[in-house]
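Student: My questions will all concern the structure given below.
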2 protein chains.
Amino acid sequence: MKGTVGELGEFGLIRELTARLTTTPAVKIGPGDDAAVIAAPDRRVVATTDVLIEGRHFRRDWSTAYDVGRKAAAQNLADIAAMGAVPTAVLLGLVVPADLRATWPVELMDGIRDECQVAGAAVVGGDVVRGDTITVAVTALGDLRNRDAITRSGAHAGDKIAVTGWLGWSAAGLAVLSRGFRSPRAFVEAHRRPEPPYHAGPAAAELGATAMTDVSDGLVADLGHIAAASGVDIDLRSADIDVPAQMSDIGQAVGVDPLHWVLTGGEDHAIVAAFPPDVKLPARWRVIGSVAAPAGRTPQVTVDGAAWDKAGGWDHFGDDPADGVRA
Amino acid sequence: MKGTVGELGEFGLIRELTARLTTTPAVKIGPGDDAAVIAAPDRRVVATTDVLIEGRHFRRDWSTAYDVGRKAAAQNLADIAAMGAVPTAVLLGLVVPADLRATWPVELMDGIRDECQVAGAAVVGGDVVRGDTITVAVTALGDLRNRDAITRSGAHAGDKIAVTGWLGWSAAGLAVLSRGFRSPRAFVEAHRRPEPPYHAGPAAAELGATAMTDVSDGLVADLGHIAAASGVDIDLRSADIDVPAQMSDIGQAVGVDPLHWVLTGGEDHAIVAAFPPDVKLPARWRVIGSVAAPAGRTPQVTVDGAAWDKAGGWDHFGDDPADGVRA
């Protein structure tokens, strides 16, 4: 495909984008009408939305359009999974400059489509408008399959905290990229394209999880949301939190305690949940902490019994990290 | 509320926004968790998304934040109604500059909430990020109440075309505003805040509509989508299309044929549908044309048997209208 999105025109671009999509049996009416129609066999639908902006959530010199698509879809699909639901559909609101090469939104759509396929979902609709800053607004829908939604507010004293998926890999990859390196590839790839354990969300619901979230702002920050919503304290045991040897090497090279990435790095979209103490967890889950009645007025997350005093999570309106991209 | 969104911070702003929301019985889990859960009693969910950008879809000197919120919600809720569905929920993806006064997004949210209430829906979730250009990405969901979805592709030769709601009012209001006037108020208000006939969508489905859409790009352009999707010709009878006397007066004042606004003006979100010829329509529907087998290779929309040669609808990547705001 040649030329810019301006040359292709709105309808030309929409044609190119929709032509590349795949479908699933859950899609009753796909793109092209006033709205899409998607199966919601559970009689409830789970819905979430996230916005990514160029320069803030991704950089075109660090990530391909395809990777941005994978990532934009992944972070929304992970939110669906973190409710215990199975993702069904994605809608895309896209802002693109007229002088952007038309291949960029097309490859973005390929990435969104492929990530949807990994999660069992399909792109069912969207909107494309012209604007100065590339903006990717993704909405994801899912089905609870007749199970209760697992919110952040159900954790009880005595529960254990377990996690599955990657922790700190994206943050380590960002640290590498922001220092001008392109390797180790495994971490750079993890930053460009997270691999949330979608299956783990519904599986945790089935296992009896009492509270659950995906790690998008960082483990300590996201567990803080569970602690606050559930009115409990959570203590993590650092000895039980795996820090891969390769991550320790990078940490040494760039002068960062790798445990910091593991505890505060977001965007890998691991799934973390509270479970009653007697629940037997499959091997993919690592028990990393426990839930207690709140000791003070404000529910807290501690590491080995002490406050984790390094910055946790991000506030989008606060200071930018040095590199200008949210980690 | 004082200060800017940067001073309030992401979490402070989200707290302010969610504190203003109302709910409905369909909302099982509202804002504040990884995702929302909304009732979908029909076992299907209707979903649509639209993006509005400052300077392109609205201007802060012409519309209040509240009006932008009403409009952003209205255009999505109208898409749900145009499928024959009842709106249930809205999600908001919002991009705001850090130096924007915090009252702006808060009033925007008030507008979205109030328009949702008109349509019977509720805001259930969203995302707020910082960026240079105010961008409002709205996703709406709806329930079909056990009726078939009414797409654009079901019109048959012999059907009649009927419309309900306002036509050309927003375009006339935009013409007034773009010439520096603030009156007549009825038209300016119609541009700032459309009033889609939400009830008419499900009602048309109940009456047996064969194809339906809302008028967002202009009557001729949107009927063109029905003609193309259904493989039919559509002819409109201009004598049956009401041009209010006041609109004629404005047209004379600014040198525009008011029929042009009625036929090509979008954003009032009237509902237009094809019905079998024997369907008795309530008084609110005006029969304005008819459906025929295609005379040529390409399905066409004509007015009094002839091509309507003035520009119809907008292409977002094409030339801007003189005033820089999509009409």
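Each Cβ is built from the backbone N, Cα and C atoms, and glycine gets one as well.
Pasting the feature list from TrEMBL:
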DOMAIN    B:32-142  domain 'PurM-like N-terminal'
BINDING   B:Asp34, B:Thr48, B:Asp79  Mg(2+) 4 binding site
BINDING   B:Asp34, B:Asp79, B:Asp214  Mg(2+) 3 binding site
BINDING   B:Thr49, B:Asp50, B:Asp127  Mg(2+) 1 binding site
BINDING   B:Asp50, B:Asp79  Mg(2+) 2 binding site
BINDING   B:His57, B:Glu267, B:Trp314  substrate binding site
BINDING   B:Gly126, B:Asp127, B:Arg152, B:Ser216  ATP binding site
DOMAIN    B:157-244  domain 'PurM-like C-terminal'
BINDING   B:Asp217  Mg(2+) 5 binding site
Student: Do you know the mean pLDDT across the domain 'PurM-like N-terminal' (B:32-142)?
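Tutor: So the average pLDDT across the domain 'PurM-like N-terminal' (B:32-142) works out to 97.
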Student: Summarise the domain 'PurM-like C-terminal' (B:157-244) by DSSP state, stating how many residues are helix, strand and coil.
Tutor: 41 helix, 13 strand, 34 coil
Student: Sort out the sequence-distant neighbours of B:Thr48 (Mg(2+) 4 binding site) for me: same chain, 6+ apart, CB within less than 8 Å of its CB, listed by position.
Tutor: B:Asn76, B:Asp79, B:Ile80, B:Thr139, B:Ala140
Student: Looking only at Cβ atoms, how many others are within 10 Å of the one on B:Asp34 (Mg(2+) 4 binding site)?
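Tutor: Counting Cβ neighbours of B:Asp34 (Mg(2+) 4 binding site) within 10 Å gives 29.
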Student: Just the number: how many Å between the Cα atoms of B:Arg152 (ATP binding site) and B:Asp127 (Mg(2+) 1 binding site)?
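Tutor: Spelling it out, the Cα of B:Arg152 (ATP binding site) and the Cα of B:Asp127 (Mg(2+) 1 binding site) are 32 Å apart.
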Student: Mind pulling out which binding-site residues among B:Asp79, B:Asp217, B:Glu267 sit under 8 Å from chain A, Cβ to Cβ?
Tutor: B:Asp79
Student: Which whole-number value in Å describes the distance between the Cα atoms of B:Asp127 (Mg(2+) 1 binding site) and the residue listed as 'Mg(2+) 5 binding site'?
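Tutor: Answer for this pair: 27 Å between alpha carbons.
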Student: For the binding-site residues listed here (B:Asp50, B:Asp127, B:Asp214), tell me which residue's CB has the most neighbouring CB atoms inside 10 Å.
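Tutor: That would be B:Asp214, with the most Cβ atoms nearby.
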Student: Please classify the secondary structure at B:Asp79 (Mg(2+) 4 binding site) using three-state DSSP.
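Tutor: It is helical.
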